[in-house]
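Taken from Swiss-Prot as is:
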type	residues	note
REGION	1-36	region 'Disordered'
COMPBIAS	1-12	compositional bias 'Acidic residues'
COMPBIAS	13-26	compositional bias 'Basic and acidic residues'
DOMAIN	144-405	domain 'Protein kinase'
BINDING	150, 151, 152, 153, 154, 155, 156, 157, 158, 173	ATP binding site
ACT_SITE	266	active site, proton acceptor
C-alpha cells in the first residue's frame, strides 16, 4: 500500500506554530509540558521550559535556532503521531472527511476540513460532545511516554507507554481531535468490555503546541498482530482447528458489535491482536478507525476498507450494511487456510482494475495443492461468506453455528464429493474412490463462485502414466479463469502494434516472409 504525505504548510499556519513552538497551554491557560519530550539529560529538563517568546524575539533568534531546539523535535513527534494516513487506491477513509483533506497532513487542529457533498445535505452538527470518560490532566502525570512505535493504525501511530506506579507496559494511540477521532474512541469504549476486544485503560484530552489531541491508553498484547505471527512462521497454512478457534473468538467480538448495530468495516489480520503465540492465545479485535454505528435500517455509503478485504458493494460505492464484515471474515479465513488471498492485484498496486473485477464477480478458486486437505464444510462456509449479494451471505450468528467454529464433526455426504478415475493411482492421489464414469457430483455448488473441480475430457484424461488429476484440473481451471477475466474486462487486454512491439519472434518471421516471394496458384 502507498501513503501520501503533504510536506508544504500554509505560511500563516507555520507562523502560528512557531509562536507556540516552545510551550502549550490547557483550557485554564496554565503551561503544559509536552509528553513527547525525549531529552537525554533529565537534569536539563526544568531548564528547557521557558516563557513563550514574542514574535520579535522569534525573528531575532532566527528560524535555524527554532528548528534546532528540543521542542521542535517534540512537536514534530506529536504531529507525526497524529498524521492521517491515506491509501492510494481511490478510496476515501470516511464520509466525514473530503478526499482532498484526507491526503493532507493537518498541521493545525483548528483548521476545518472542506465540506463534502454528503455533509452539505445534512444539518450542521453541534460542538463535539464527550460521550466517554476522559481525563483533563496531563498524561505524563500517570504514564511515561516512550519513543517506541508499536504500530500504525488507520488514524494514527501507536506508541509504547509505561504506568508510573506499576511500570506495566501499555499501548498509547494518539489521535488528533476531530469528529471522526471521537467517534472511533466512543465506539471502541462502548465495546471494550468484551473479552475479545482490545480493552481501554484511560483516555486523555490534552493540548500540545496548540494541537488538541485524544490519547487512548489500551492494553499491550505481547503476541502482536495475527498477520505478523502468520508471516513469521513462513505463512504456512493453519489447520482448520486453529482457524476455527480464531474465528470463534473474533466472531464473538463481531457478533457483539453487530448486536449493537456497529460495523467494524476494517476486519483484517493486521487488526486481530494476539495475547501470545501458544495454544492458549487470546485473539482480540482492535483499530476502530473505520467503525461506524448507523441508525437502525440506515445503510452506509462511505467506501471504507482495505482493498484485499473489500466486498463488491464497497468497491462499487453502493450502499451497504454490516454484512461487509462477513465478507472480510471470509477473506481472512481463506488466507489463514492456504497462505494467500483469494483476490490479488497483478500490477503491484493496492487495487488494480483486474482485482476490482475479480472481487465484483467473486472470481476465486480453491487450488487442489493447498485445499485438498480442507473439508468441504469449510470451503462451503467460505463460499457463503464470499457471495456478491450481501443478503445471501452468512450472518455472524449463522457463522458461529457452523462446524468449523463449534468444532462439531463433519456430517458425511452433506456436501459435494468428486472423484476422477486414473489407472494406477490409489485413492490418496485422487482424493477419493475410483469410478468408471470419471466424474460424480452429488450436490450443486454455490452458483456465484468458480467451480472447484471441472470435468476432464477423455481426450486429455490420460496424457501420460502417473499424471495426477487434481494438478491437471488446477491448470485447466487457471486457464479457464484467465479467459473469463479477459472476456470480462476487455479494457485490460492490451494489443500492441506489431510494427512497434519490438518482438524478436515477429521480426524473424517477418524477415523470412519478406525474403521468400509468395507463389499464387
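Cβ atoms are placed via backbone N, Cα and C, with glycine included.
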Taking just the CA atoms, what is the gap between the residue listed as 'active site, proton acceptor' and residue 156 (ATP binding site) in Å?
15
Most crowded position, judged by CB atoms within 10 A, among 152, 158, 266 as recorded positions:
266
Along the domain 'Protein kinase' (144-405), what average pLDDT does this model show?
90
Report, as a single number, how many Cβ atoms besides its own are within 10 Å of the Cβ of residue 156 (ATP binding site).
25
